């Protein structure tokens, strides 16, 4: 469990205090994949680097598995950091070392295992990330996705309890991003590893995260289960992320719908209701007609969801709206 208790961070720049993270409290349960999303300068990298004390907080308390990390001395901090792996946007591999030697580096520096034990652990890790036949290659011989897999293997070398991911997929193409996210999901599931990742891409959050915190200007403006936050956004920053992801311009959409007759509603379906024949049933029962103006079906981790924007005319509209609500479908009246 990772817990922030009123943690804040301020930098001193040219004689002025610049707040990077305002007083923040949050909790990440063991085994969760927790996402931090925000635009550049939102404070998400600062928050992530506070977890393993690459940055020291200006105030507040950070507790990991009932241990006050902010109170650790140098020796305790070295011990603690062996329990926390980290992967980076630009991989941070040593170009003069082979893949195997890059993965072995944390174990070599720790000095606790024999050479044969290190070799055995490295072989196991490379097999896990699908690079067993790349051990003797150098980083320059690898693709971006392969480099990040080496970074993941290296981060897992000391058998950490926590994995921190700093924009780990932002330098990768969409197909490679999907394969790396699938690997992270497998690692989380098989090792019960707690993962905290930061990103500016909603698709990353949707694919792998259980919980999400949305950040803006050093403040967590909204947090909760991914489906709750992104299917029913409350804060303007969250709504902007949703609109960017769906490529929606509210002003353009309002103009497009201006001459469409009837009431305009947006329905959000989750789980089994996503594929249920609800529209036809409601139309027959209440006598309404509907036109589909926009729609999508996607998944949040393993849960399907769908969104439809409808123009509804005729019949008993209030009965139709009540029927949608009774079917556990979230309805937003746009006009």
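Here the Cβ of each residue, glycine as well, is placed from N, Cα and C on the backbone.
Per Swiss-Prot, these features apply:
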- 38, 39, 40, 41, 42, 43, 44, 45: ATP binding site (BINDING)
- 2-242: domain 'ABC transporter' (DOMAIN)
Open item on the list: Which one is it: of the binding-site residues 40, 45, which Cβ has the fewest other Cβ atoms within 10 Å in this structure?
Closed with: 40
Open item on the list: Say we define neighbours as other CB atoms within 10 Å of the CB. Which of the binding-site residues 38, 41, 43 has the fewest?
Closed with: 41
Open item on the list: Using a 10 Å radius around its CB, how many other CB atoms surround residue 44 (ATP binding site)?
Closed with: 28
- [ ] Identify all same-chain residues not among 38, 39, 40, 41, 42, 43, 44, 45 whose C-beta atom falls within 8 angstroms of the centroid of the ATP site's C-beta atoms; report them in sequence order.
- [x] 198, 200, 215, 216
- [ ] Tell me the Cβ contacts of residue 39 (ATP binding site) under 8 Å, same chain only and six or more apart in sequence, or just say none.
- [x] 200, 216
TODO: Quick one: give me the count of other CB atoms within 10 A of the CB of residue 42 (ATP binding site).
DONE: 24
